Amino acid sequence: MAKGEGAESGSAAGLLPTGILPAAERPAQVKKEPKKKQQLSICNKLCYAVGGAPYQVTGCALGFFLQIYLLDVAQKDEGVILYLSPFQVEPFFASIILFVGRAWDAFTDPLVGFCISKSSWTRLGRLMPWIIFSTPLAIIAYFLIWFVPDFPRGQALWYLLFYCLFETLVTCFHVPYSALTMFISTEQSERDSATAYRMTVEVLGTVLGTAIQGQIVGQADTPCLQDPSDSALAMEGANHTQSTTSLKETQNAYLLAAGVIASIYVICAVILTLGVREQREPYETQQAEPMSFFRGLRLVMSHGPYVKLIAGFLFTSLAFMLVEGNFALFCTYTLGFRNEFQNLLLAIMLSATFTIPIWQWFLTRFGKKTAVYVGISSAVPFLILVAFMESNLIVTYVVAVAAGISVAAAFLLPWSMLPDVIDDFHLKQPQSHGTEPIFFSFYVFFTKFASGVSLGISTLSLDFAGYQTRGCSQPARVKFTLKLLVTIAPIVLILLGLLLFKLYPIDEEKRRQNKKALQALREEASSSGCSDTDSTELASIL
């Protein structure tokens, strides 16, 4: 009987949750093991990092070569003097293309961010479908940017159309890819490590873009005219035939480079799609209604650390983009290294590639704000040296290698610091989920818009200075203008950016506090989910 009662009692105890059993009858509590950190494998990090290459490969090729392509290559030689040909893109229209293209590229970032924030989670995730479906259209538009149409009028409109179209499509790739940083892991250290992998691959992407575009195009001899005012010489049959053949070879070289870069774009997109899976935050799944885009935007733009981070990197990014956009012309005409500029670009990017791991170690050891001051300010002495030195190839290579060290810091640090700002925002606004695309899209928006303004102004400045299309040399005013754009202006912008970084409030101590608070929030969300499950089971029993 006692045995039967004991069995019956044990059966009842098995049915009832332990919380309503008498204390004496409760089974011994099993101590919960601490939750293991969500670690990413090296393969996961590499697959994620490879996804950053398409944006950098194409962006590097466009940033370094589109200006000189529009001014000196994008034209049809139809038996008239090329300086007066209706088949060429004049410097004024080239500046319009570069400015409007960059400005449109900037405006598409928040638009795409808005659309992503309204997207639903699918079997592939919320971000990955954007990457998959934008890729084939993007590579078609990219190829057509480097194609010279046969019609005599409207070439400027052709380049503007496909430049804007490509920037829209690559934004549909890059904004969700950037936001993916927050969904590959919930651990700060893992995200920082994945970001370092990403930045290394992105700098390698710039190396590929520079090497492919520069070396292929460098094999073709872009023709130049010694004296644009001498129409008799320009129209001589033998010289004209040679010029036409050489120009056509250069145009074909640009098309070949575009085809190779488009292939790399596709391969990287496939690796990213197959090797990365999105993960949702535990507390995000409990939110029934997603926040509206405009409410999220208002909260994001009122977050102090985000505004200060944008302001600082706005000026430093402008500095490096001015150098990027005018470097080919500066090397060709101011320094006189017409056949060396692609190799100098390669030296910069290789130097940046090898120093990315060093900067990752530095920011881990000394903190991200310190890395900003040391890394970005290191470019200033070398820019000063370039401003005052005479044309010297060896010194220029030394400066290029040294500049690559600073470029590496400029690549790594913005994307390494932005997740810290988003973590800080989530602590202050714990119910504001789905705002990650807004953070990333507007971060890119401000830098792209400002760079579009700067590049358009710099091209207009060259036009006002008297830039001569396809000239073997340029007037002294053009050379001086290029020196200002590549040295003095970037120095001023870097110093302004570093002053603004003094206001950025998230140091290493603040990062550690945020990490602990976020971990507590995730554990609370997980335990809340378990409690809800227990309540449901109890209700069904009763």
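Each residue, glycine too, has its Cβ placed from N, Cα and C.
TrEMBL annotations: computationally assigned, not manually curated.
Since this is a predicted model, take the numbers as computed values, not measurements.
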Transmembrane segment per TrEMBL, picked from 93-115, 438-460, is residues 438-460
Check for me, if you would, whether the transmembrane segment (394-418) reaches the transmembrane segment (305-323) - at least 3 Cβ pairs under 8 Å, residues 6 or more apart in sequence. yes
Request  = Please check if the transmembrane segment (343-363) comes into contact with the transmembrane segment (305-323), where contact means 3 or more CB pairs closer than 8 Å and the residues in each pair are separated by 6 or more positions.
outcome  = no
Inset, instruction - May I ask whether the transmembrane segment (370-388) has at least three C-beta pairs under 8 Å with the transmembrane segment (253-276), counting pairs 6 or more apart in sequence? - result: no
Does the chain bring the transmembrane segment (160-184) near the transmembrane segment (370-388), so that three or more CB pairs sit under 8 Å (pairs 6 or more apart in sequence)?
no
Stretch winning on C-beta pairs under 8 A with the transmembrane segment (305-323) (pool: 127-148, 370-388, 438-460, 480-504) is 480-504
Of the listed stretches 46-71, 127-148, 370-388, 438-460, the one with the highest count of C-beta pairs below 8 angstroms to the transmembrane segment (480-504) is 370-388
**Prompt:** Taking pairs 6 or more apart in sequence, does the count of Cβ pairs under 8 Å between the transmembrane segment (127-148) and the transmembrane segment (370-388) hit 3 or more?
**Reply:** no
